[in-house]
């Protein structure tokens, strides 16, 4: 009975969520697009001509938002974007124009090599301007185990960023307040000159979800 009430409450909140309605109206696959939009408007992350990698991309709303931004550039011609987008997820994702998508597990060496090869090809040198990560582990409800999983995913995103970001590039990841959060912040501070937490309005108040932004590598690769 309690589970039923929880499901009904979630469904009611979801149906009446203004960001869900806005996403449906504007053609985004998920309300998550507005989390990135708000952070981008505050921090000016996405600019014409950039090479951007979207980790944990499915169902694709972040890639959709990035694509729309790059398509709006005055230099974008013949319906193409001014820049390049590479997206990856373990789950399938319906195709998005101008987005190169890899379905596979980011943690597997073969998939990781494929990602690196595509990044090298689209960037002309292997360096990217922005890495986005909306990756999150399957949570078990055991705080210590979930914290370890979240920290591991954050480490993977940071390792990729350290190897592939331009010196002035940026990394934005999703994480959660609670056990392990301070360790992720400290990891960011070791690698980035500027570190800033972000809690966009589209991120539900009840959720411990937050985002962490790192800019300008301290030790460029």
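Placed from the backbone N, Cα and C atoms, the Cβ positions cover glycine too.
When Swiss-Prot records 60, 62, 89, 105 as binding S-adenosyl-L-methionine, the matching candidate from 40, 129, 134 it lists for that site is 134.
The region 'Disordered' annotation in Swiss-Prot falls on one of the ranges 176-198, 199-221, namely 199-221. Packing around residue 60 (S-adenosyl-L-methionine binding site) is summarised by its Cβ count: 23 other Cβ atoms lie within 10 angstroms of its Cβ, all protein chains included. Rounded to a whole number, the distance between the Cα atoms of residue 134 (S-adenosyl-L-methionine binding site) and residue 174 (active site, proton acceptor) is 5 Å.
Within the chain carrying the region 'Disordered' (199-221), a Cβ under 8 angstroms from the stretch's Cβ atoms is held by residues 13, 19, 31-32, 34-35, 37-39, 43, 45, 154, 158, 161-178, 181, 184-185, 188, 190-193, all 6 or more beyond its ends. Note: the region 'Disordered' (199-221) comprises 0 helix, 9 strand, 14 coil (DSSP; helix = H, G, I, strand = E, B). Summary: among the binding-site residues (89, 105, 134), the fewest other C-beta atoms within 10 A of the C-beta are counted at 105.
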